[in-house]
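A quick write-up on the structure given underneath.
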């Protein structure tokens with residue numbers, strides 16, 4: 001088809017360029033052009049120009065070409081309530097973690113055999129591994145105990161908007177899971193009515209193509225120097241769409257669903273957060289088959305806790321991808337896409353993309369929104385997913401990923417130390433020095449709290465009955481032990497049998 005794109009005339013702000021050393025990125029890529037592109041299966045028809053007379057703070061100017069939404073809405077969530085709670089919870093989080101550590105290590109420490117009259121004994125040798133998670137838990141503690149970035153803390157009054165021409169909400173999928181593709185499309189197709197810049201697209205690989213939706217299909221003939229699979233398709237899409245600095249892309253996995261409120265907050269991020277060129281928000285795992293398998297649900301609760309602690313610290317305070325990035329809910333400006341590209345050649349292209357963006361001088365920020373995904377369906381898929389993350393990050397040619405995977409590997413020693421302490425504790429009745437007990441209890445309380453708060457937030461988002469919510473929290477406590485061993489087994493699996501290629505798991 002003939003695709004003609006023009007920079008909009010309705011923008012009410014100017015966008016400065018990003019200076020990357022000796023190269024001015026703002027002048028590296030064309031801002032205004034008219035291009036022809038043969039896009040297989042692209043059904044997009046671009047809509048009328050935005051009316052500048054429309055009030056800037058209103059989302060009522062709906063001019064989409066998409067028809068009415070058929071069937072029940074499947075992208076519903078409780079975003080406003082979850083974000084409002086998080087904006088107030090940071091002090092509570094700090095009190096719970098520090099208070100729980102105090103109670104366990106000092107108030108009731110004598111009942112557990114903690115003692116103050118020696119600093120070291122033989123048992124400390126096999127308990128030493130319990131201290132290994134300390135760097136991770138300290139990072140998570142500071143992330144969850146510092147004020148969380150929510151709209152309550154942001155003031156956009158009298159702030160001139162950044163220009164926005166196109167916001168592509170892009171669902172990336174191999175295409176063989178047709179049910180997931182249609183779920184995503186049905187959940188998102190109405191979003192184009194929210195703002196004239198929004199475009200909802202689905203990206204697949206040949207031979208998978210879907211009629212009746214805005215499906216862009218990467219041809220088999222397209223090749224890159226390094227990337228394969230998802231990254232290869234993303235690189236084809238980038239080259240095909242020819243982004244400008246006024247374009248943004250929201251990357252979603254095939255099972256990802258975003259709600260209207262979060263889209264509004266993404267648009268606010270683009271308009272007003274002018275210091276940032278890419279960003280992420282919170283990912284929940286409660287969209288589909290939530291609690292259908294207790295073990296995987298609890299295991300992924302830690303990922304939610306990770307988002308509101310470690311990644312909140314990164315996006316709210318560091319504004320650098322110190323801990324990498326997720327491949328889903330990744331919002332990129334066109335400049336970032338064109339500077340970094342997706343020709344990366346990694347098992348964890350999202351992490352590598354973020355690190356390269358950092359090298360180019362781009363900054364990241366926290367998006368006050370939520371997307372919802374689903375957990376793996378079986379143990380093999382779970383372990384392959386974690387194995388790919390571990391090995392992919394470890395193989396990246398940067399220092400920080402290697403440091404983080406080193407600490408990730410030490411988790412195996414911590415699990416071994418936990419098992420050894422249980423077994424030998426029956427034979428050797430030696431108490432634990434109070435200093436060691438306090439540190440190991442801090443690790444335990446922090447981990448447990450991250451799991452519990454992950455379950456609580458997902459249940460709150462699903463508007464679960466409070467009594468059922470309480471029952472699930474109680475169930476979560478013992479299941480965290482199982483989840484920890486599943487995570488450790490996945491790391492061991494990656495060390496012994498590293499993947500030779502990208503694993504696509506079924507969801």
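Glycine residues also receive a Cβ, built from the backbone N, Cα and C atoms like all the rest.
TrEMBL entries are annotated by machine, without manual review.
Range with TrEMBL annotation transmembrane segment, chosen from 125-146, 147-168, 169-190, is 125-146.
Checked against TrEMBL, the range among 81-105, 206-230, 231-255, 256-280 recorded as transmembrane segment is 81-105. When the stretches 81-105, 403-423, 435-457, 469-496 are ranked by Cβ pairs under 8 Å to the transmembrane segment (125-146), first place goes to 403-423. Recorded stretches compared: 403-423, 435-457, 469-496; the one with the most Cβ pairs under 8 Å to the transmembrane segment (81-105) is 435-457. Confidence for the domain 'Glycosyltransferase 2-like' (248-453), expressed as mean pLDDT, is 95.
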